[in-house]
Every structure is written in C-alpha cells, then in structure tokens.
Amino acid sequence: MSSTHREFDVFLSFSGRDTRRCFISFFYKELCLCNIRTFKDDKELQSGESISPELIRAIEESRFAVVVVSENYTASPWCLEELVKIMELENKGFINVMPIFYGVNPTDVRRQNGKIAEHFEKHDGREDPEKVSLWKQALTKLASISGDRSSKWEDDSEMVDEITERISKKLMIAKPKRSGSKLVEIDRHMKALRRKLDLNSKKSVRVFGIWSRGSYCRSVLAKFLYQDISQHFECHCFLESVKRISQDRHMPHLRQEFLKKIQGDYSSTLRLKNQKVLLVADDVCKLEQIEALAEEFINFGPGSLVIITTQDKQLFKSSGIKDFYEVDLLRFKISELFRQLAFNERDISAAFKSAFFKAKKWFGYVEDPKSKKALIFRFINLTDTLRIFLSQIKNGLLRLMNNMHFFVVSLSNHLVDPYKSEGCSSVQLIDGDGIYNVDSIDHFIKDVKLGECGLSYAVVSIMGPQSSGKSTLLNHLFGTNFVEMDAFKGRSQTTKGIWLARCAGIEPCTLVMDLEGTDGRERGEDDTAFEKQSALFALAISDIVLINMWCHDIGREQAANKPLLKTVFQVMMRLFSPRKTTMLFVIRDKTRTPLENLEPVLREDIQKIWDSVPKPEAHKETPLSDFFNVEVVALSSYEEKEEQFKEQIASLRQRFMHSIAPGGLAGDRRGVIPASGFAFSADQIWRVIKENKDLDLPAHKVMVATVRCEEIANEKFAHFISNDDWRQLDGEVQAGPVSNFGKRLTSILGSCLSEYDGEATFFDEGVRSSKRHQLEEKLLQLVNPAFQDVLGHIRWGMLEKFKASFDKALSIGEGFSSASQDWFKACMAQFDEECAGAIIEQANWDTAKVRDKLVRDIEAHISSVRTSKLSELTSLYESKLHEALSEPVEALLEGANDETWTIVKKLHRRETESAVSGFSSALAGFDIEEETRDQMVKSLQEYSRGVIESKAKEEAGRVLMRMKERFATIFSHDSDSMPRVWTGNEDLRAITKSARSASLKLLSVMAVIRLGDESDNIEKILTVALLDATKNEASKKSITASDPLASSSWDDVPSSRALITPVQCKSIWRQFKTETEYTVTQAISAQEANKRGNNWLPPPWAILALIVLGFNEFMTLLRNPLYLGVIFVAFLLLKALWTQLDIPGEFRNGALPGIISICAKFVPTVMNLLKNLAAEGEAPPVANPENRRSSNNTSSSENPPDHKSSSKKD
C-alpha cells in the first residue's frame, strides 16, 4: 500500500438496500462533481472481476472511508467485512474514517440495540463466532468516532453539500501532495492558478509561467502544483533545477533528462503525440533552455501543459510567454501542520489527558480526595503511564509518516527510509594513538573495489564534539555501520581515531570518515593535538566535510569547534595549496528559529575566524571561498523527533547523489588522486600533519565549561516544562483570561534562573553568562505563546465589550460620534491596565502590536456600523424621494402638454430641497468628513433626478400607446366629451388633424428631458416634418436631402437628455398613422353608410342601364345573372387591355401609328394577361385579407376628405 499515492480519495461503504437509490446516488454524484475520486462498488468494478479482492484493494488505496450506517447495514455480512478492513487500516493510521448515521441512532449502534441486535442474532446462528465478534468490535469502534446524523438536516441535499465540502477541505491536508496547504496563503495561490489553468482544455500545447524573486517559494509552489494536477495528465515530468541540470552541459542534455524522468504510459517521443503531457521546468534561467525544451513541445498531444518557473521575468517576454503568475513569499505554519498531520488536529496535552483517564480505570474510583491525590501522584510516576502517553505520541508520528509527503524543507522530495546495507563494513584508518593502519586500509580498498573507480569517487568526513551523534548521523545518512553511543550507559568516547566506510546505495562511490570527537575527556584536559590533527587531515583529503554542531552554539564566541577551526585554517594554508573543499555545517537539535535566521550568523562567525587567522604572504588576500564552499543544513533532534529527523536525513541524502558532477555538492576536483593511490596519498598527508608541532594548542577549559553549563541549562529547561505551577498557568491561559499572569510567570521564571545560577557559579563566567542568556531566551520562547494568548484574551474581551456598549448606546438614542469616542477611550484605558498586569519582568516584550490590532478592530467595527447606519439613512431618504416623485411625474407625463416639464421641474426642486435638508441634518451626527458629506448629498440629488429620468424613460417607451389613446379620445369624442355619431356632416379632415396634432404634442413633450432652463424647437420641427400636408412629389423622392428628422440626434440637445431620437420619432409617427388609419377609414365608411341610408333612388348605374337597354332587356339581365357575370368579366378584360396597351398614349402621335402599334402589341398582351391569371389562380390565398384591405386604403386615407369626394363621384 503506497503512502504517497492513492488511487481513490473516498471509499463508500453502504447498504444498497437502504441508500443506493437516494442518499448514496446524490452523494456520489456530488463527490464526482467536486473532482473527488470516489470508489462505489457498482461503478468502479468491471463485470466478471472477483469483487472481494477488488474491494480490499479499493479500501487500501483510499484516503477516506465514508461509512453510511443505515437500518439494514448490519444485516449485510459484506458491509461488516468492509467495516472490519476499514477499522483495521484506521487503527494503523492509513485511512481516515467518517461515519454517517443515516436514519439510525449512534447510541443504538454503539450498544447494538434494536434491529442491530436482531441482525447479530441471525449472524450468530450462521457465521463463525470469531468473525461476528470482530464485526461487533468494529461497529462499536466506528460508533465511538464523531460522525454525522441525518436527523440534523431537513433534507439530504443539505447534508450532502456540507459533508462534501468538509471532505474537500480535509483532502487539502490528508493528501500528501496537498501538505503545502499549511503554507501561508497557499490556498489563495492555488485557486488563482486553477482559474488560469484550464485542465479540461483540448487545445494545443499551452505554456504557462511562474515567477518569484525567491527560488524557494517558486519551487515549492511549482512542486505542489505538479503533485496536485499531475493526475489529470497521461504523462508528466518535473524537471527540478533546470539551471543546475544544464550547467556546463549542452542543451540537448535537457531532452535526455526529460525522457529519463517522464512518468506515464509512453514508449517513444512519437507516442507522446497522442498523450496529454504535463511538463514542469523549475528554475529556468536562460532563453536557450526554453528553446531546447520547446523542441519537445511539438511531440505533445492536445491539452498538454508546460509550466516554466524562473526568477527572470524578462525571460517570459523574450520567449513570448504572455500568461504567467507572480508568487508571493510562502511560509510554514509548522506547529499547526505537525499537530494536524500527527494528531488529527488534537493537542498533545489532550492525548496525555486521554491516556491519564484510561489508566485511571486500572485503579478504580477513589472517593477520598486526599487518597485520590496521593494515588494520582503515585500513578504519574508509574512507567505504564509513560508508556501510554508515549504510545499516543507514537501513533501520532505514525500518522504523520503515512499522511505527510512534504514537510518544511523536504517539500520537494519524497520521504525515504535510511539505506542500511547488509554486509557494509568499516575499518579503522587511524587508531587512537595516531598510527596509520596500512594493512587494514589496503584490505578495505580491495573489498570495496575502490581501485576500479578511477576518478569517480568522493570522500566525505565528519567532525564535531564528542557524543554529538556523529556516528548516528552517518549511519542514517549513508547506510554505514559505525558504532553508536549507548545513551543508557552514559556519555563516553565511542569513536577512537578515524574510521572509514563506504556509503550504501550512493553513486558515485563515496567513502565516509568518522572522526573522533573534538572535546573528549578521555584524552585529558590538555591533550588536544590529535583532534586538531584529525580535523586537518579530514579537511585535506575530503571533498565534503560535515561539521556537526549544536544549534545553541551558533553565535556564541566560545562555542565548540571554533578554536579548532581557527587552528586548522591557519595550518592548512601553510601546509597545503588551495583546494576548494565543501564544508557542510550540520546544525543538530534545531530549535524553532528559522534556518534562514541561523545561517547568516553562522557564516559571519566562520568569516570572522577566517579573517582572524594569520595568513602567509601567498594567501594574504585569498578569500575563504577559494578554500571552502560553505553550506548549511539543520536537523531536528534525533531523540525527541526521530521520524522528522529521518525525513530530513532522507532529503539531505539526495544531495550526495552524483556529488562530483558539475554543480554537485563536492568542491573543486582539480588535482584529485586516482582511487588506486588513495591509501598512499592519505598516508603521506597524515605524516605531514603529525610532524607539524604547531597544532598542539589547548582549548579544553572553555569546552568543559561549555558542555557542563549546557547540561545544567537543559536540565533546568526540562524541569521548567514539567513544573506544575507553569503547567497549571498554561492550562488556565488556554481556557480563558488569567488575572496576575505577569506576576505569577515572573516568579516561576525567576526561580528557574536562580537554580541555574546556583549550580553553574564555579564555571567560566563568560560561558556561564552566555548559557544563562540562551536558557532565558529558550524559556521566554516557550512561554511567549501563552503571553500572546493572554493578550489575545484581553484584546478579544475589550473588543466584545466595546461592541456591546456601543450598540447599546446607539439603541438608546445617543449620538453616533459621541458614543464611539467615549467607549473607545474607556475600552483602551482598561486594555492598557490589563496589559500592564500581564507583563513579564524578564522579557522586554511590547504590547503595541496587540494594542494597534485592537484599535484597528474597534475602528473597523465603528466604520462597519457607520456604513450600515448611513446606508439605512440613505435608503430611507431615497425611498421618500421615490414615493414623492414617481407617481406624480408619471401622471404629469401621461397628460403631457406645454406646461408639463415646468410643473415637473418645480416638483423636483421642491422635493429634492426638502430631502437634502433632512438628510444633511441627519449626517451631522456621524462625524464624517465634509467632502464625504457633500458627496452623499450630491448622490441623493442625483438619485432624485434619476427617479424622474427613469419615469420619463418608462413613459417614452409607452409613447406610442399614449398617442393612440389621446388620438382615440379626441377623434371619437366631441368637445363635450360625448361619443361622436358620424352623420356625414362632420368635418372629418379638421377632426383628424386636431387629434393628430394633440398626439404630436405628446410626442414632442416626451422627446427629451427638460429639467433645466434650456429651450428647444422640437415641437416645431415635428409639426413641420410630420403635419405638413403640402408635400409635393419631388420632396417625397428626396427625403434624405430635406427631412429634418433624418438624424440620430436633436440639434442643440445633448444625447443624455434625449429620450426619443428624430429617426425614432419619425418611425413612431409612421406606425401611429398606420394604426390609427383604420379608425379614420371606419369614420369615412360610417359617413357614407349614413348617406346611402338616406337616399331612396336606385344607384346611378342602374338608371343608366335601364335607359340604354330598355326595361325588358334590363329585366332579362336581372333574371339571368350569368349575363351579368359575362359582362363583368368582359369589362375587366377590356379595362386591363386598356391599361396594359396604354391606348391614350399610343394615340398621342396620331391615329394610324396608334392603330398599328396597338395591333402589334395586342396578341402578346392578351397572352401575358392569361399567364398572370393562371399564376394568380395557383398562388396560395392571402392569410389576412384585412391587412390587404388596410394597405390598399393607406394611400387614400392620407387625405380623408378626398375619400369623401371620390365616393360622391362614384
């Protein structure tokens, strides 16, 4: 089972009988929509596969197990088997379990009551008793885990949404690739990057950039992003440190590195054309590197993504990368990340408390408080209690190992176990008396086949104080088997002389030398020659020298190794020519001080030692960098944080891979001796060092004082941690505010420091003072979180008091400004008083930042309340204005006339002035700036004008309807508002013109907004353009040349005031005339019908026919209507021929030419008429005859009196 990669995020365990078609279907769909890889048995397994092994594998390959316990869950042996496997993995820390009690009570599940008991009774009769017992235990343990109950939600959808969101958030921590979520604001960066990166894109290869000034921030984010999205690609590759890969090499080497590191299903670069590829190239520094990688881009399939990270933003512009992201500084919340990953967000103290109560059950319940107290003190000293507590810590660390992929500085490297090699032997190169072991080294070189390596080997050595864990470090780092100190036997010399071994699993061949400790008591107080000689020997023959030192020695003048380094530097310059060696300072038992703060101090100390060393003339100006390449790493305590120590060791081990390659960890390789001559070369170097007597310089008194004072300080620090008074005070701080915190803690700290002074009084004063200062700093660093918590309690209490008092003052009618100022002063005075009681005498801590934070919080609350109150006040006056203006303006515009806008202006001015006056008076109590006040008043005035403009625009949109209504009112009613009866005696022309003029008046009023004093001639323009009835034929043919309405704006009227443009006016008028034409036509028809009703004579055509034909012939036509039809058709044909032949026009040139022309055109014209008639007969009928009739009447109704006269003639 992989701890770094899981196939599924969630495994669903459920009873299909109860939940498959309801809750599970909704839940599974929502999980999939959130891109959470979920295993559900009927979806993931293929038909024909054996389900049991597949289910077990699915559980093992899942990060979360969601167990939905429903009514019939325990009835299924299959579900119970799944549960046993899930709880087994949960106990090992390999999976997180989330129970959901769907329709059941967790108490019934825990006690196995009701239906659950019935189910197990059936199982007892059919299944193996041991198996049933395992089922019950698993179910009981599941019910003890805090879960979700369906009864808390009204419907399943809300429950599904909340649980899915919770799982999504937890996955950001539970997934190894998401451990970076405890970086400050990493979520913000990831969200921004996901918005920019369309992972579902099917387009061609996309290139994206990440830029930051700090390489660490950029690389961490790139690695985290790669781990987060690589699952969406078929092939993926992370090229780490392209700058280092391509250093001193040709650019094609990048292609080889890419093909070597790419992961996924591919067999050649040609295969990549069909693959969706992710390539992350980290730390690109040259345009040539991008161009070299670009040669591979063409081989990538659709949807592929290339991410380039660099420190040079100009590189993006040069390479044409337009889309890139800038990264801010990233930091770790180490304590939160450790607690969450190791203890599932529980405090370590909570784990101890849990162990305490479990162990208490062993002793029974004691009623007598004194006996109980004695029993508890006895219990605390028992080994079993400690074992229980440590087991809690062990489980947390185990959970940490399985859940955390990146932690602190190892974010970009996978965790690996120490490489122990069976059969790896070591040899004593130089014994404790300084004798070079020639025979043993020759035998060793033959065993490891060093002579076959040529120049491909490296030498690593380590130096440092005795019992500082040098051998332990080498064994874990290189897989060697040097003898380690037995801590239970006390501190003593373990390594004597110099020992040599070969590293296991590191290429190229790497030899490791373990040196004797530099301050061992076994060699005596004054005999330090050997340790100086061995240190110089290590510097002379090693490519990499590990300087093992304590974290607390950094910055200390008399720290261990400093005198030794000073002497070695001096003698090395005199004995050896410059050969650049890498000195890797390994800081042990690192504290919470960041490495970036420790490293500059250490480098400064090394430079001071170098500058203080007397140098020969040849190296008078030689800088330290010519001799040494200084590197610094930090490791946690092996005893206190073993697993974290191993993780950091695994990360450090990667740096020794290919150490002699260009850009590798090894220093200058010039003049390196071939491997076959290593033994002879080492022998000669040791002889030179042994013969030099200047190395015999004492430095032990300071070292003894250093070690002993350090031990005393550590003892006092450990005693302080376990101090009952301190633990009680810390517990009270966690629970809430504490009175007299500063006084109590000052007393506890003073007692601890006094004990240190009493025990360390006879040691060197400088060392004693330095160690006391370090102890004081460690103690203050330990108690600082409690101090900050106390300040936090005080700040929070004052903020809540201010909020309550301020809101109460406002509710009883006190002025906003006076209330805020009075309570602000009162709360700040109380805050200062309480902070004074929390100050610790030993610390010079400032409460100004917390005070400033409280000030900002109070000001933010005041601002928030002010904004809310002002918003309510503004809304109140805006609603008043809207109520006062909206309906009156609508009514005025509906009955628009010449005085409409004058009345609207007066109404607007009156209501606005009234509202502004009240609004300004109300604002005076809020203590706001005059500019802000003026802006708010101006905004209210603009709102008032906006209400009128909004209503005007609404009415402008209904202008056509209003015009038709006004036309209908005037046209259909007389001056007494009585409906008209068309008798034929009315002047239809005058009535129509009057009605249209009134409608046009409405249109001119609504054309523009007239809230100012400006004048316009829009009404005149509309009257001339739309009511002028004397348009001749020429004007109709050249509308665009003379039409004043052929424009999109009014002259001398800004577009902001225009409601209806001239072109729209013309269009509205045309539509208005079209839609009112029918009313006029109806009036004409009514007049004609009235006249016909009053005439008793037959029609004129009947009288004429009677005269011409005579009475008998006329009666014959009437008796036989067929004759009338024939005559009518003949009339139509003759009329059509008359029109088509244009007979009057043909006879203009004379009778004979006219007859000839008519004869020539007669037959073609007749044929054409017949064709048209046939085509008309085949055409579909007209859908709306009324439209046809109205269109035919349009032209005639332009002049209603003409219709009247024409009807008379007819």
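From the backbone N, Cα and C atoms, a Cβ is placed for every residue, glycine too.
Taken from TrEMBL as is:
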type     : residues                                       : note
TOPO_DOM : 1-1097                                         : topological domain 'Cytoplasmic'
DOMAIN   : 6-171                                          : domain 'TIR'
DOMAIN   : 454-669                                        : domain 'GB1/RHD3-type G'
BINDING  : G464, P465, Q466, S467, S468, G469, K470, S471 : GTP binding site
TOPO_DOM : 1143-1210                                      : topological domain 'Cytoplasmic'
REGION   : 1178-1210                                      : region 'Disordered'
COMPBIAS : 1190-1199                                      : compositional bias 'Low complexity'
COMPBIAS : 1200-1210                                      : compositional bias 'Basic and acidic residues'
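In this model, the domain 'GB1/RHD3-type G' (454-669) carries an average pLDDT of 78. Taking every protein chain shown into account, Q466, S468, K470 are the binding-site residues, and of these the Cβ with the most other Cβ atoms within 10 Å belongs to K470.
For the binding-site residues S467, S471, the largest tally of other C-beta atoms within 10 A is found at S471.
Of all Cβ atoms in the shown protein chains, 25 besides its own fall within 10 Å of the Cβ of G464 (GTP binding site). A sphere of 10 angstroms centred on the C-beta of G469 (GTP binding site) encloses 24 other C-beta atoms.
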